[in-house]
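Presented below is the structure to which this report refers.
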Amino acid sequence: MKLTHFPIEFTQAKPVLQAITSAGYQAYFVGGSVRDALLGKPLHDVDIATSAYPAEIKQIFKRTVDTGIKHGTVTVLQQGQAYEVTTFRTESAYQDFRRPDHVTFVRSLREDLKRRDFTINALALQHDGTIIDLFSGLADLKARLIRAVGDPNQRFHEDALRMMRAVRFKSQLNFKIESQTQTAISNQHQLLKKIAVERVHDELIKLMLGKNWTAGLNSFIATQLYQTCPGLSTAKKALFALTTLPTVPLKTESAVWLLFAHQLGLTPKTVKPFLKQWKSANNIIQSVSRSLPLLDKFLAQQNLSNWDYYYAGLPIVLLANQIAQLYGLGAAPAQLQKRYHQLPIQQRRQLALDGGDLLHHLALQPGPQLGELLAKLEQQVVAGNLPNNRQALLQSARSMLN
Ligand SMILES: Nc1ccn([C@@H]2O[C@H](COP(=O)(O)OP(=O)(O)OP(=O)(O)O)[C@@H](O)[C@H]2O)c(=O)n1
Ligand SMILES: [Mg+2]
């Protein structure tokens, strides 16, 4: 079969393949880009596999970077683009169910493709558009099936993260997991414990940001993969409840974690250790813990106060609202935006007076009293109880001191 419509990324990268073949070696586009091109999806990274060894690649191209020579990867710089060119390899010595630290370079495309995870990821594309399909990847693409190449148990022993990749692709592609592949995942789900939590994290987030996240999550539960994950091992019921929500796409990592946090019954306090276990970034932990109380208000159909908007800021309000909408509550984002912009002030620096003014006019000493006074004025202004002008604020401050 031939790929008739070459996406621009392939067209741009074609001279790299041609240079390698002109030098007498084989070179193909491989991996996710071939799969996505056949599905008509946008490509992100174009990977090239070749029979040439790294030293041979470096002789062909003027500008290269030794990205991962040990693993056979050289980055070729060509017309402002960077392409990862990786020598065909087998990964014979696997250690601890993680990716190997040792690879063997080979000259055979078949050897390279047969150690890849799924048939749909084991297609190769020649520069003239010919698809090399040694493991029935095309049939599986057509049947929308995620099927391990060869023996699924072996593939998951080689790299246990592949089990997470299967449920992630299910979400992203809306494919089914072929039954023997699914059984192997169920049987070996415990192997996922061997994988660094950061890598599992990335796959779980990709799953949840996928278009069909409820289906992906369903497999994540059914195969018991969730049992090896931080903070989720006893949460089957809560996780299952998530799969009954409408499959509206989630937009950000924070939205994903907020949804989990809510469903697991976490609080702004308990969500922090939960997310730390997952090695989430601090800014994500902050957004989630700050939006949780707002989400609770939306779900309890309580009105948010001016202070809620002011203190959290618009992005956090919109985040909480996004999740509330999944539960059929919340409001139109434009409405929330309007409300936020109607606040008397959005930032403390917009207050018509500052600490210096208070010190100067009220003969106060710097210290906690000053801070408290300022905070009270700020709250009154935000609530709309005091106009934001200097005279009114000074007068009010005076009366607070008496
Ligand atoms: N655990 C893994 C990871 C990757 N691969 C192989 O390496 C290719 C590229 O890997 P990667 O970019 O991580 O995944 P993609 O399939 O390209 O998916 P994505 O769209 O997320 O990049 C895969 O297609 C697959 O052939 C594999 O066999 N086993
Ligand atoms: Mg990729």
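Any Cβ shown, glycine's included, is placed from N, Cα and C.
For the CTP site that TrEMBL gives as G32, R35, D159, R162, R165, R168, the extra residue drawn from R110, R116 is R116. Cβ neighbour count within 10 Å across all protein chains ranks R116 highest among the binding-site residues R116, R165. Among the binding-site residues G32, R116, R162, R168, residues whose Cβ is positioned under 6 Å from ligand 1 are identified as G32, R116, R162. Taking CA atoms as the reference points, D159 (CTP binding site) and D47 (Mg(2+) binding site) are 20 Å apart.
Under 6 Å, Cβ to nearest atom of ligand 2: this is the test, and of the binding-site residues G32, D45, R116, R162, R165, R168 it is passed by G32, D45. Across the domain 'CCA-adding enzyme C-terminal' (250-396), mean pLDDT in this model comes to 96.
For D45 (Mg(2+) binding site), other Cβ atoms within 10 Å of its Cβ number 12. Cα of R165 (CTP binding site) to Cα of D45 (Mg(2+) binding site): a distance of 17 Å.
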